[in-house]
Structures are given as C-alpha cells and as structure tokens.
Amino acid sequence: MERLFYPKVVAVIGASPQEGKVGNTIMKNLRNFSGTVYAVNPKYREILGFPCYPSVLKIPENVDLAIIVVPAKLVPKAVEECGRKDVEGAVVISAGFKEAGIEGAKLERELVEVAERYGVKLVGPNCLGMINTEIAMNATFSRVAPEKGRIAFLSQSGAFILAVLEWSKRNGVGFSKVVSLGNKAMLDESDFLEYLAKDDSTDVILIYMEGVEDGRKFMRVAKSVARRKPVVVMKAGKSQSGAKAASSHTGSLAGSYEAYRAAFRQSGVIEASSVEELFDFALLLLKYRKAGNLAILTNSGGPGVMAADACDQFGVPLANFNFETIRKLKEFLPAESNFYNPVDILGDASAERFSRSLQILSEDENVDIVLTILTPTAQMDFLKAAESVVGKNAVCCFMGGESVDESERILRSSGIPNFFDPVRAVRAISVLGRYSKISAKERVKEDLDVSVEREKAEEIIEKLLESGGRVVGAEGLPVLEAYGIEVAPYGIARNVDEARDIAESIGYPVVLKVVSPDVVHKSDVGGVKLNVGENDLEKAFFEILSNVEGRMPKARIEGVLVQKMVDGGKELIVGMKRDPQFGPMIMFGMGGVYVEVLKDVSFRIAPITRREAHEMVREVKAYRILRGLRGEKPADIDAIADLLLRVSKLSLDHPEVLEMDLNPVKVFESGYAVVDFRMVLGEEV
C-alpha cells in the first residue's frame with residue numbers, strides 16, 4: 001500500500017494531449033507531483049512536456065504506480081504489462097466493468113485474475129483516482145486539487161469526491177489522502193482503513209459507503225482502527241430504492257441497513273446521516289476528542305435557548321458552574337445578565353465583555369468545552385472576539401454574513417469550527433460524546449455460564465433437513481432446548497388422544513396451535529386456541545384442523561402443538577437473520593402480533609457480548625416497561641441477555657439456520673419462556 005500512496009515514478013497509461021480527455025486532465029494534475037511522471041500512448045513521444053512511450057514495458061526505469069485510462073476491454077492487457085514490468089499498484093479509472101452488466105462483470109473477473117497472477121494491487125475500476133497531498137500527487141481527473149489537511153476521505157462515488165473537493169476549497173477544509181474506491185474489484189475500504197490507521201498525516205477518516213462485500217472483515221478492521229482514529233461513515237442505500245441505485249452504480253451489494261447500523265455501532269464507527277454531518281463531525285474530531293460538559297456563552301437569549309434545547313435533543317450535558325465562576329461573572333456583568341448556563345451577556349456586550357466571560361468559563365473545572373454564540377450587534381467586534389477564542393476549548397456560532405467573514409478566517413486558521421446555526425453546532429459537538437462511548441474498546445470474550453449441546457442440535461437440524469423441512473415450527477423447539485433456551489412445556493400431537501395425554505402431563509389450561517410448514521401466521525387462519533380446558537380440548541383440536549383446511553386447503557398439517565398456557569409476563573421477540581455481508585444478525589424487541597407495526601427493535605451482529613446484549617435491551621423504547629411501571633415488578637433483564645447470547649451462539653454454530661423468530665417470548669420477574677418459534681433452514685447465505 002505504501003507504493004500506492006508514495007510512488008516515486010508514475011505512468012499514465014492512456015495519457016492524451018487532447019484537451020478535455022481524462023488522460024489529459026490527469027497529466028495536468030500531475031505537473032506538481034514530487035516524483036517522476038511518464039505518459040504511455042503509442043501515438044506520441046511527448047505529452048504536455050512529459051516523455052511518452054508506446055508501452056509501460058518501454059519506460060527506461062522502474063514504475064511504482066500506473067494510472068490506467070484506456071477503454072475497458074484494453075485494461076487487462078495494460079495490467080498484464082504492468083505485472084511484467086513489476087509495477088506494484090494500478091489505479092483503473094476506466095469504466096465498463098461489473099457496473100455495466102454481465103459482460104462487464106466477466107471482464108472485471110478477468111482483470112482481477114491478471115492482477116493476482118502478477119501481484120499488482122488494483123484500485124477501482126470505475127473510479128476517479130487517488131490523491132496524496134503530502135507529495136502533491138493528484139492522480140485524478142478532478143479540476144480542483146485539495147489543500148493539505150489531516151482528513152482522509154474514501155468514497156465509492158467519484159462524482160461525490162469531485163463535489164467535495166470544490167466545496168472544501170471554498171470552506172478551507174484540507175485532506176491528507178483521497179481515494180475513489182470505484183468497484184473495489186481488489187482493494188476495498190478495509191484495506192485502506194488498515195493503512196490509514198498507521199498514516200501519520202491522517203487524524204480522521206471519512207467514508208462514503210454504498211455497500212461492503214465482506215462485512216465481517218470490515219467490522220474487524222474498523223474496530224481496530226477506531227480505537228486509534230475516528231472513523232465516520234455516511235451510508236447510502238438505506239432504502240430499497242437507494243439500495244437498488246447503489247447496486248446499479250458500482251455493483252454494490254447494499255445488504256440490510258439494520259445490519260450496517262449494528263456493525264457500525266459494534267465497531268466504533270460513527271455514522272453521519274448527511275454530507276453536512278459527515279464534515280461537521282470531522283471538523284470537531286480534528287480539534288477535540290474529549291467529551292464532557294458544555295457551557296453556552298451568548299449575547300442573544302434566543303439562540304442560547306435553541307442551543308440548550310439542542311443539548312437535550314442530542315444528549316450533550318450542560319455544565320453546572322462552581323460558585324467561584326458565578327461570583328466572578330456577577331462581579332462585572334450587568335445585573336440583567338443570566339449568570340447560569342446558558343450565560344447571556346446581553347445584546348450590548350462588547351468583545352471585551354465576551355472575552356472576559358469566556359476566560360472565566362474556560363477556567364471552571366466543570367466546563368470541558370464552550371459554545372460561543374454571537375449575533376452581529378453594533379457593539380460586538382467579531383475580529384477581537386475571534387482572537388479571544390483562539391487557544392480555548394471552544395466551538396463558535398458567529399451568526400451573520402459579511403460581518404463575520406474575517407473573524408471566520410481567524411477561527412478557521414486555528415482549526416476552530418464556526419457554525420451559523422446553534423442547533424447544528426450542538427449536533428456537531430455531540431459527536432465527541434459518541435466517539436468517547438463507542439464500543440470499539442477491546443471486547444472481553446465471554447463464555448456462557450451453562451454449556452450447550454451443539455452435537456445434539458446438529459443431529460436434530462440434520463433430520464429436519466433430511467425430511468425436507470425448510471420452514472420449521474414446533475418440531476424445531478428441541479434445537480432451542482439443546483442450547484439451554486427455556487421453552488414453555490409442550491408436546492406435538494398427531495391425534496386427539498395424544499393431545500389429551502400431553503395436556504394431562506403438562507397440566508391444564510393449554511394452548512393448541514397448528515403445526516404446518518405452510519402456515520406462518522397461525523392466528524390468521526384460525527390455527528390457535530388459547531386457554532383450553534379439559535372439557536374443551538377435543539372440540540378445540542378439531543376446530544383448528546377444520547379452520548386451517550378451510551382457509552388453506554393445500555397446507556400440510558403435521559399435527560397440533562399442545563403447550564402449557566403461560567399467563568402474565570411481558571411479550572418479547574428475539575430473532576436472527578443471516579445477512580449476506582455481515583452474517584448472523586440478532587434482533588430484540590417487544591413482541592406479539594404488533595411487532596411489525598411498532599418496529600421497536602434493536603440489532604447486533606453475532607457474536608455478541610453480555611454487555612452488548614444488555615445494550616440491545618436498553619435501546620428499545622419499551623425498556624421502561626421492562627424496568628417496571630407504576631408499581632409493576634421489573635422483568636428479568638439478565639435472563640433476557642442470557643437468551644440473546646444463546647441465540648447468538650446457536651446462529652454461529654449452525655450456518656444452515658438462516659432465520660429464527662422466537663415470538664412471543666414471555667419474560668417474568670424471574671426467568672422467561674419461549675411460547676412460539678419459527679426457523680428457516682437451508683444452505684448458508
């Protein structure tokens with residue numbers, strides 16, 4: 001990777017003297033490169049003052065990096081020649097690969113085979129190129145070269161990079177490295193993250209992501225990197241239409257957005273919901289890393305109140321000043337001022353009043369960072385105010401237009417972010433708390449307190465698969481029991497006499513449910529009877545059979561589940577779905593028939609730790625209900641966490657289990673019981 005970012009000799013294969021051609025723009029962009037540049041084009045001997053050769057093989061010295069801009073069908077041959085020349089890396093700008101359809105995908109596979117054969121590291125294809133500002137290497141066809149900075153930017157979209165580079169020029173944002181990933185035929189986000197973690201010129205890493213192909217690799221790498229440097233991701237393709245567009249854009253597998261969110265959370269990656277957030281977070285994290293208590297200092301009550309409200313919205317704690325701070329403020333501020341947080345120094349405040357107040361707040365041991373909000377009054381000298389902010393732990397919200405331009409330049413040169421909107425400023429500050437609390441810390445491996453019977457579960461699953469079972473219900477409950485998961489007492493009856501024997505064994509009242517691989521929602525077809533007593537059992541048994549046969553005549557009925565009626569408790573859902581990119585994804589939420597409407601659920605990628613299991617429970621809105629409301633007894637949270645851990649382990653041990661729904665699970669003051677269950681079996685995704 002070092003040669004990709006720090007080449008001494010670069011060859012542009014497909015260089016052109018013709019204005020407007022990509023090969024021409026790249027040659028122009030490399031004029032300031034600190035190394036040597038060669039053009040490759042059989043038609044010319046010189047392009048823009050650079051020596052030109054008919055093939056990379058003819059260049060009279062070793063080449064470290066090739067930039068390839070020839071038509072797609074010629075790219076494999078160009079990479080083969082690079083391999084024969086011992087070129088270590090190639091950036092393939094050319095489009096027309098897997099993003100273009102079946103033939104393009106075939107060509108991309110051929111390209112990768114050639115690169116692997118010769119050990120050439122590929123960036124792209126279908127990308128904008130790469131930038132390393134440290135050595136003035138702009139190997140892209142962007143018209144704008146970014147300023148030097150401490151932000152590295154990885155993006156699947158080249159066009160997005162073009163827009164960002166222009167914006168960054170206007171806003172004084174610099175970059176260390178910029179990489180357009182394109183189709184990621186060989187090198188992907190994870191590979192570049194590993195390199196950038198060790199890059200001394202990079203402090204913050206930003207990623208525009210449409211999808212990853214190896215989600216577990218990304219999690220493993222991101223978790224390691226995020227412990228050292230903030231990683232902020234903007235994920236596109238969240239909706240079905242967005243995912244479809246992402247797929248057609250770079251051939252990405254967008255996967256489940258819930259899986260990505262869970263992966264980011266577990267890896268310590270900060271997710272930005274917009275371009276604005278992406279760079280707001282980056283600018284804050286460049287300057288500060290420590291989360292803490294915020295003081296608000298303003299010359300206008302309204303914006304101060306906006307900021308205080310935003311603190312509540314985004315979870316930013318407001319500082320409680322010590323008595324000495326309040327005493328010092330009262331010594332010189334007008335009596336009408338507000339001496340508490342937010343501090344309002346009034347609309348007639350001068351820069352001197354502002355500066356003195358800021359100094360006092362900065363000296364308070366309870367204050368970690370100050371948000372300074374100033375509006376353009378006749379009394380306020382923004383230049384002096386900006387100078388007093390330099391050197392302080394502060395974020396500015398200098399509200400105005402031309403009157404704040406010069407002061408903004410002073411702030412920018414010191415790396416102090418300035419926002420027009422107080423709410424946006426607080427939202428940006430909130431990232432400091434998020435970064436300090438991320439779950440990127442080393443996770444301790446936790447063993448289950450009770451061992452599981454993996455081989456027993458494996459035998460049951462094999463028998464179910466041999467019998468042709470794909471969607472499995474009650475007959476799969478022994479799999480749960482093998483993993484120590486508590487199931488309400490039950491039995492499966494093939495006739496009414498068996499049903500009666502089971503009911504007498506487990507005790508009345510009971511629940512009867514149809515057992516059929518074709519019936520998913522049993523209550524919708526009359527396949528469930530609740531609170532069945534001894535005298536009602538026979539009638540209920542035959543009513544279930546009649547109801548299902550009448551409403552789903554083609555359904556295969558394999559029996560009737562007879563289960564102990566479980567009263568009381570709160571209904572939960574625990575589930576697992578195997579994501580194509582990330583593997584088993586564990587779900588938790590409030591259960592029952594309304595789960596699809598309420599969608600009060602949380603997700604994690606397996607394996608999960610006990611701490612993460614508890615986090616999943618706390619994240620749902622209904623957590624307060626589980627804690628106990630209005631004198632109700634609290635639910636057994638530890639038992640729920642244990643259940644989640646067991647489902648996580650089951651999903652990892654048995655890749656042929658594609659999906660599981662434990663719904664509902666009844667949880668009590670002590671313990672829980674799985675009441676209904678569905679499992680989908682098949683080949684691993």
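Note that the numbers count up from 1, one per residue, in the order the chain is shown.
The backbone N, Cα and C atoms fix where each Cβ goes, glycine too.
Here Swiss-Prot flags Ala503, Glu504, Ser505, Ile506, Gly507, Tyr508, Pro509, Val510, Val511, Leu512, Lys513, Val514 as ATP binding site. If you look up Swiss-Prot, you'll see 477-513 marked as domain 'ATP-grasp'.
Of all the binding-site residues listed (Gly507, Pro509), Gly507 has the fewest other CB atoms within 10 A of its CB. There are 20 other CB atoms within 10 A of the CB of Val511 (ATP binding site), with all protein chains counted.
Listed in sequence order, Val510, Val532, Glu534, Leu537, Val562 are the same-chain residues six or more apart from Ala503 (ATP binding site) with CB atoms under 8 A from its CB.
Shown for the domain 'ATP-grasp' (477-513): DSSP residue counts in helix, strand and coil, namely 17 helix, 9 strand, 11 coil. Note on the binding-site residues Ser505, Lys513: the fewest other CB atoms within 10 A surround the CB of Ser505. The domain 'ATP-grasp' (477-513) scores a mean pLDDT of 96 in the predicted structure.
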